[in-house]
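Before any comments, here is the structure.
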Ligand SMILES: O=C(O)Cc1cc(O)ccc1O
Ligand SMILES: [Fe+2]
């Protein structure tokens with residue numbers, strides 16, 4: 001997988017064949033497919049969804065996905081979905097240090113640790129937020145997550161992701177999305193760590209640009225899509241399936257990565273956040289972080305997302321007469337944050353790469369004491385916030401931290417609230 005080629009474009013109707021002529025010409029389901037392949041349709045929306053949001057792909061494969069083994073229960077107790085399976089959240093802000101590689105020999109599936117969940121995968125609502133720590137390749141093991149698409153944010157180490165559509169290599173600074181219900185595996189070459197937003201709702205799409213116009217933020221052509229690539233090596237595969245917050249496993253006689261050609265607009269993709277066209281104030285005041293939205297999963301209420309994926313990329317800070325870091329706020333949406341590298345301006349020292357924070361709906365938060373002091377006194381010349389990538393999974397429903405997240409192994413900070421304790425009352429009626 002060292003030098004992969006990709007197709008480019010978000011939402012395009014892409015066409016890819018690993019062998020010339022493997023795609024039937026002019027129709028989807030001929031009486032006999034080229035090369036003796038089977039035609040299989042994968043839908044990501046109801047057949048009758050409006051054309052602008054309809055998602056489906058045709059695959060031409062050596063055997064259809066229905067040729068599989070019998071499923072038995074599989075245990076992965078630390079990977080959870082659905083608010084019903086977890087107790088309500090405590091009302092204070094929560095923060096975690098970087099998740100350690102406590103147990104060697106874990107792969108991407110067994111190394112998944114759920115931190116916060118909401119909604120219900122069966123109802124197609126909400127998200128689950130996980131961190132993964134792994135150091136083992138999945139090899140001849142694949143996963144199918146029927147509960148949600150997987151937005152993967154690597155924080156350390158390169159992921160070699162093989163999907164039914166082909167292969168993606170994804171490094172820190174980039175993100176990848178694997179559609180719901182699609183077989184994939186993650187191979188690694190050493191320790192890897194990162195974040196996952198498992199999205200039970202509508203598939204992630206690009207946000208509307210409104211008055212920004214027809215360009216800006218994440219540009220569609222920078223999204224890279226795998227080319228068809230099938231595995232040749234014979235031999236069995238283990239399939240781990242997640243469905244309705246339960247895990248199953250089976251052994252099948254062949255690789256699920258047996259798609260020789262495909263066409264459609266439902267596929268895995270990756271995006272390099274360093275290509276984000278960042279838009280921000282050039283006058284005064286701190287804008288809402290929605291200006292940094294890379295991808296959004298809308299809910300049934302316009303403008304109120306099931307989930308937004310928001311980044312805080314390198315950018316020039318130029319606002320005049322302005323407190324430049326985030327303001328103090330209480331937000332109706334719930335905010336789960338991670339840090340891929342560098343420093344986050346609201347908590348320059350306390351928030352560590354590989355760590356995480358949860359500021360749920362109406363939980364007050366904002367810059368820590370040192371950040372407030374620094375930004376209040378700063379010389380407001382143009383300043384580049386550089387070598388940094390923080391991000392936020394923002395979601396409409398309150399997130400519930402899992403027992404793992406609240407327990408000893410997750411590096412929960414016991415004194416996070418103390419970072420604001422020094423914000424003294426400076427009120428003085430005789431000064432303005
Ligand atoms: O809380 C946070 O750090 C995330 C955030 C950043 C920002 O610039 C404005 C609002 C917001 O929630
Ligand atoms: Fe916030």
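A Cβ is built for glycine as well, from the same backbone N, Cα and C atoms used for every other residue.
Quick look at what TrEMBL lists:
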type	residues	note
ACT_SITE	286	active site, proton acceptor
BINDING	329, 335, 365	Fe cation binding site
BINDING	344, 365	homogentisate binding site
DOMAIN	6-272	domain 'Homogentisate 1,2-dioxygenase N-terminal'
DOMAIN	275-427	domain 'Homogentisate 1,2-dioxygenase C-terminal'
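Taking a C-beta cut-off of under 8 angstroms and a sequence separation of 6 or more, residue 286 (active site, proton acceptor) has the following same-chain neighbours: 319, 322, 323, 324, 325, 326, 327. The 10 Å shell around the Cβ of residue 344 (homogentisate binding site) contains 26 further Cβ atoms across the protein chains shown. Here the Cβ of residue 329 (Fe cation binding site) has 12 other Cβ atoms within 10 Å, regardless of which shown protein chain they belong to. Other residues of the chain with a Cβ within 8 Å of the Cβ centroid of 329, 335, 365, the Fe cation site, are 93, 326, 330, 331, 359, 363, 364, 366. Distance from the CA of residue 344 (homogentisate binding site) to the CA of residue 329 (Fe cation binding site) is 17 Å.
Cα separation, residue 365 (Fe cation binding site) to residue 344 (homogentisate binding site), rounded: 14 Å.
With a cut-off of under 6 Å between the Cβ and any atom of ligand 2, the recorded positions 286, 335, 344 reduce to 335. Here the C-alpha separation of residue 335 (Fe cation binding site) and residue 344 (homogentisate binding site) works out to 15 Å. Looking just at the domain 'Homogentisate 1,2-dioxygenase C-terminal' (275-427), the mean pLDDT is 97. Secondary structure from DSSP puts residue 329 (Fe cation binding site) in a beta strand. Counting neighbouring Cβ atoms within 10 Å of each of the binding-site residues (335, 365), the lowest count belongs to 335.
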